[in-house]
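S.K.: I am attaching a structure below and will ask some questions about it afterwards.
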Amino acid sequence: MTSQSLRDQAATFGLTTEEYDLFVSQLGREPNALEAAIVGAMWSEHCGYKNSRPLFRAFPTTGPQVLQGPGENAGVVDIGDGWGVAFKMESHNHPSAVEPVQGAATGVGGILRDIFAMGARPFAVLDSLRFGNPDSPRTRFLVNGVVDGIAHYGNAIGVPTVGGEVTFHPSYQENPLVNVMALGLLRHEDLATGTMGEVGNQIVYVGSKTGRDGLGGAVFSSADLSAASQADRPAVQVGDPFMEKLLLEATLEAIQAGLVAGVQDMGAAGLVSSTCEMAYRASLGITMDLDKVPTREEGMVPMELCLSESQERMILVPVPGKEQALHDLLAKWELDVVTIGEVEAHDRYRLTWKGEVVCDLPVALLNEAPKYTREGVESADIRAARERDLSGVPLPGDLGAVLLELLSHPTIASKRPIFERYDHQVMTNTVVVPGAADAAVLRVKGSPMGVAATSDCNPRFVQLDPYAGAAAAVAEAARNLACVGATPLAITDNLNFGNPHRPEVYYQLQQAVQGIADACRALNTPVTGGNVSLYNQYTEGDHKVAIHPTPTIGMVGVLPDVTVRASLNLKAAGQTLLLLGHRAEKGWSDSIGASQYLETVHGLEAGQVPPVDLDLAQKVVDGTLALIRAGLTDTAHDCAEGGLAVALAEMAIAGGLGLNVSLDAPASVRADALLFGEAHSRVIVAVEDAAAAGAKLDELGLPYAVLGETVEAPKVTIAAPAQHVHLSVNLESLKTAWEEPLKGILG
């Protein structure tokens, strides 16, 4: 192939013609087709973060709790007593849109490899899923496929799926989001990194044989979805959880035996990405012999060997002098183990095939993709929606019926039909089962501690105000951890956005990153890593439809004593309900802006996103933790989608008890805003000793309100005298509305 024809075909490699010219200029000669394909993969958004990395400078990434920050396979935080938690979230959006079962399954497999590549034993998975219209046959196909894929891989490998979130909105109709978060435990001394070490070190391929599945996956995930994407099924990998289990055990045994100097998962862009990233971290060069790569298909050529994304494969670099011991250990697990190359004292990435050099590129060139800082401009339509006057929105006549309607919305309704497909008790570390509390809680065996994890984002907030919406996602994650008794430690993020070449999309990305950064600083939760998934949009007629911007936040925290925790279910009649974060000087929730209620009942996505007071957010976290750790409450629940009334109903449904609540809001507050508005930094707790709880909150300077009490009668009663509201709905009706919707979608 001539140099001109390569330039003409730059787009097939994932490069613009300008990027191709830059590549040639930096290389100082014309590349061959393999070299162009390798650079295309490494400069893709999926691998090179060329539209997003310049924004990451805003993130706080350090702190005394951070053992490993961004740049490795996963972040690691210190939880005390010599223990660390490795955690990370990644997306498998495009593959899941094309082949939902394998797309989701391999998403689980890939994130688990990132965790055990750090020397940590995976012990939990959470998934954050976004789908389109729940009544659509395509949505039902995608939901069932994705859930089956996650269940298949997680259940088979023996790692519990312990939590997550599921959202339904038309913007995800053709482009679902599958974000998977994994956590693993490790001793500090077992922390591993992805480096080549020193000159002379061997490069060892271990795991499954290489096939043609996943070819072009990195480039496929860095472009818009279209009707032609359905033909890209070969770009979707095929997973084998039983092979991954062998690879997991072998890798951890090798690390703990002190045989490994460096370890890296083969993920996006396969063999190339994993090895050139390791070389770049070490500031060294490598030479590899592609003839030695184990294959499962006949006639594979260098481009396929380099860019295949076949699953369950790792690169290990032995400690010098322990090469044979490593080979013997890995062979015991019946894995393919082959030395395919060596670390050398130069700066080149060299590949040979049949005795000839077929690739010779600077390591830095591969790893330093061009970076773009684009101009972001807010969409005029979105600004108009945010500034819309909502005073004319009619007040529903039957607010009890509205509560039932909100509880039956698939985004709010019970996710039991989903999580009951997952084995959430395998490994026997799960202390709080999915749906029982605002975050997952896992025990650390041999220690009194527990680890909590959550994933959160309200895409509607981010659509209307990306800065406030992203900051709100961080604050909500922190509240959710506090509601189980965990101190928030750090986050991983999964930034899902549309095409960054569109100014209105780049604006959303810019603003969301800044919102995350500011919230993380305020709440002392550094960013330890994450994932960016752009080009999440599809064509509908003559229009490009982007997803709602979805910066999903995965957050971990620690419980000093896992037996001192809280859940959301009401536990006894006669307890007092307190609303933490209620600001008497500012009144009750006084807006229906950006609420699930406004969208569901009135068909509007409009209005101001409730402002995020980060000082109050920290006080609510501190106050919730203080009450739980003082033994003053074991019941706590965050107010989120659906507002105060939905949160109270969820607590009653979970506990099988009723409640009587009276809200003393002034007459100027709309009844629907009072019940269903989504003001931030609010947590409901149930306490036996209201005086002691109040004294503790006063000591902390945290505002609160007394809502009412729990009762035996199976009925939720909410009165608001100034609004002439007296809502009373029996528990059975609430429970039916909440439990049934997803049963009709799954099956």
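Cβ atoms here come from the backbone N, Cα and C positions, even for glycine.
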S.K.: For the substrate site that Swiss-Prot describes with Ser91, His92, Asn93, His94, Arg113, Glu309, Ser310, Gln311, Ser533, which of these is also annotated: Gln9, Gln237, Gln608, Gln618?
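M.R.: Candidate in the recorded substrate site: Gln237.
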S.K.: Just to be sure I understand the packing, how many Cβ atoms besides its own are within 10 Å of the Cβ of Asp265 (Mg(2+) 2 binding site)?
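M.R.: There are 28 such Cβ atoms around Asp265 (Mg(2+) 2 binding site).
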S.K.: Under a three-state reduction of DSSP output, how is Lys88 (ATP binding site) classified: helix, strand, or coil?
M.R.: strand
S.K.: Starting from Glu90 (Mg(2+) 1 binding site), work out which of the binding-site residues listed here (Arg113, Glu309, Gly530) have their Cα within 10 Å, and give them in sequence order.
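M.R.: Final answer, ordered: Gly530.
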S.K.: Show me the subset of Asn93, Arg113, Asp265, Asp493, Asn531 whose Cα is within 10 Å of His46 (active site); these are the binding-site residues I mean.
M.R.: Asn531
S.K.: Let me check the 10 A CB neighbour count of Arg113 (substrate binding site). How many other CB atoms are there?
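M.R.: If we count other Cβ atoms within 10 Å of Arg113 (substrate binding site), we arrive at 27.
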S.K.: Measure from the CA atom of Lys88 (ATP binding site) to the CA atom of Asp265 (Mg(2+) 2 binding site) and give the result in Å, rounded to a whole number.
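M.R.: Here the two Cα atoms lie 13 Å apart.
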S.K.: Taking only the binding-site residues Arg113, Asp114, Glu309, Gln311, which one has a CA atom nearest to the CA atom of Lys88 (ATP binding site)?
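M.R.: Comparing Cα positions, the candidate nearest Lys88 (ATP binding site) turns out to be Asp114.
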S.K.: Could you check the binding-site residues Glu90, Glu309 and say which one's CB has the most other CB atoms within 10 Å?
M.R.: Glu309
S.K.: With an 8 Å cut-off on Cβ distance to the Tyr49, Lys88, Asp493, Gly530 Cβ center, who else from the chain surrounds the ATP site?
M.R.: Pro70, Met89, Glu90, Thr492, Asn494, Leu495, Val527, Gly529, Asn531, Val532
